[in-house]
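Chemist: Handing you a structure now.
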Amino acid sequence: MSDASSTAPSQAGATSQSTGSRTLLDKIWDQHLVHAPESGPAIIYIDLHLVHEVTSPQAFEGLRINNRPVRRPERTIATPDHNVPTSDRSLPIADPISRKQIETLRENCKEFGVQLFDIDDVRQGIVHVIGPENGYTQPGMTIVCGDSHTATHGAFGSLAFGIGTSEVEHVLATQTLLQFKPKTFELRVDGELARGVTAKDMILYLIGQIGTAGGTGYVLEFTGDAVRNLTMEERMTVCNMSIEAGARAGMIAPDQTTFDYLRGRPECPADFDAAVEAWKKLPSDPGATYDRSNLYKGSDIRPQVTWGTNPGQVCSVDSVVPSPGDSTDVNVQKSTASALQYMDLKAGTPITEIEINRVFIGSCTNARIEDLRAAAAVIKGHHCSDKVNAMIVPGSGKVKLQAEEEGLHKVFTDAGFDWREAGCSMCLAMNPDKLAPGERCASTSNRNFEGRQGKGGRTHLVSPAMAAAAAIKGHFVDIRDWDYR
């Protein structure tokens, strides 16, 4: 893949006909437009298709039934991630459905000539971790996957979004997709984030501000000094959770931080400097108009903790569990009361008095090396509470290897944390890593829906540092006051 153009106007078969100032979305859309009818969806070219074991079996079977090949196998990569066990991989996969899905992915990739990073490959991992770390994800691309959190890749200035199984088949067969062009929504965060406030806190705060439907029909573009100051891994955390605000995708324009991250990665263009010159043209033009814009101050953001059953039910760690009566909206009152009942919380309880018994540090939101370093910095010199079962799951085999080379795994295991193999793990209840009914978990994942981590389990979304501190104390604490050793 290293010689393929990531901006792909020639692959898309169309060039921009637009004039005037354009947004990042406008530029990528125009470059990938194959056909734009006067009414109905457009046909856009897809640069990169990411595949995993859960949403691909029916798609490959559809190709087989209709005697169709994969149109561009070299633009398709696959890995098992959702169902893989994160403990002893020398043993057979116990769950028959999980085992069958992984075996089917192997068979399909072999038959259709698709690159597979299997369980025994160091490049295996969560699909939204391995794409960027290997250089497959590049600015200006259109990227799809049969997974909600494909928006992660928008951190590189790409248009990346999740698709359904029938669309997976369509992309496999044609390397194109029928899409209506979304509207644009700028979320600008100016200033600086305070000490102890992370990218995870930023995106949770923004979702809390606009709500879980605030981005519906839009692609979010994150701008402002506070966003520009984020590392690439932090930007991935922000874009990852765009879907939790109801958005189609999330994007951050590429800059020198992006280029420095990508340089030297195996699947980047052979003429990297030429690619950078093309990528520099992607950011939104001065004066470009968004359909909607909101402005926030980075200094207003504090460490966040979700208290309810969707990511928008969130507050700062130094506040209290809200009451249904805090809102005059009847629907909000009902949803708050329902969430408090499921979460077994009382209104007015300080967030720092909420006790937890499970901790999960991992997922496509927060399982990269910087996330693990942040957790290790908190954990060093401390020990996990006797009341807490804590696990740390790297996002890929490469992340695991690097963490072990840096000695992070020793910090974790010496403190009583469980160190695992790469995979989606406890982000979702599709593998052996699950919450039992009534267990309360501080999790670095992206969804806190009822039963998301296991039937009857209760999930609080936080940053890696906040999760690590909760594991040590047995309850939530304000990481800004932490005793680093």
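Any Cβ shown, glycine's included, is placed from N, Cα and C.
Small disclaimer: the values here were computed from a predicted structure and weren't measured.
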Chemist: Looking at the candidate ranges 1-20, 281-300, 321-340, report the one that Swiss-Prot labels region 'Disordered'.
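Modeler: That would be 1-20, the stretch labelled region 'Disordered' in Swiss-Prot.
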Chemist: From the candidates Cys364, Cys384, Cys441, give the one listed by Swiss-Prot for the same [4Fe-4S] cluster site as Cys424, Cys427.
Modeler: Cys364
Chemist: Give me the sequence-ordered set of same-chain residues, not including Cys364, Cys424, Cys427, with a C-beta within 8 angstroms of the centroid of the [4Fe-4S] cluster site's C-beta atoms.
Modeler: Asp81, His82, Ile126, His128, His149, Gly362, Ser363, Thr365, Ala367, Gly423, Ser425, Leu428, Ser445, Asn446
Chemist: DSSP secondary structure for Cys424 ([4Fe-4S] cluster binding site), reduced to helix/strand/coil, please.
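Modeler: Note: Cys424 ([4Fe-4S] cluster binding site) is coil by DSSP, not helix or strand.
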Chemist: Which residue among the binding-site residues Cys364, Cys424, Cys427 has the fewest other Cβ atoms within 10 Å of its Cβ, if you could check?
Modeler: Cys364
Chemist: Just give the helix, strand and coil counts over the region 'Disordered' (73-92), going by DSSP.
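Modeler: The region 'Disordered' (73-92) comes out at 3 helix, 3 strand, 14 coil.
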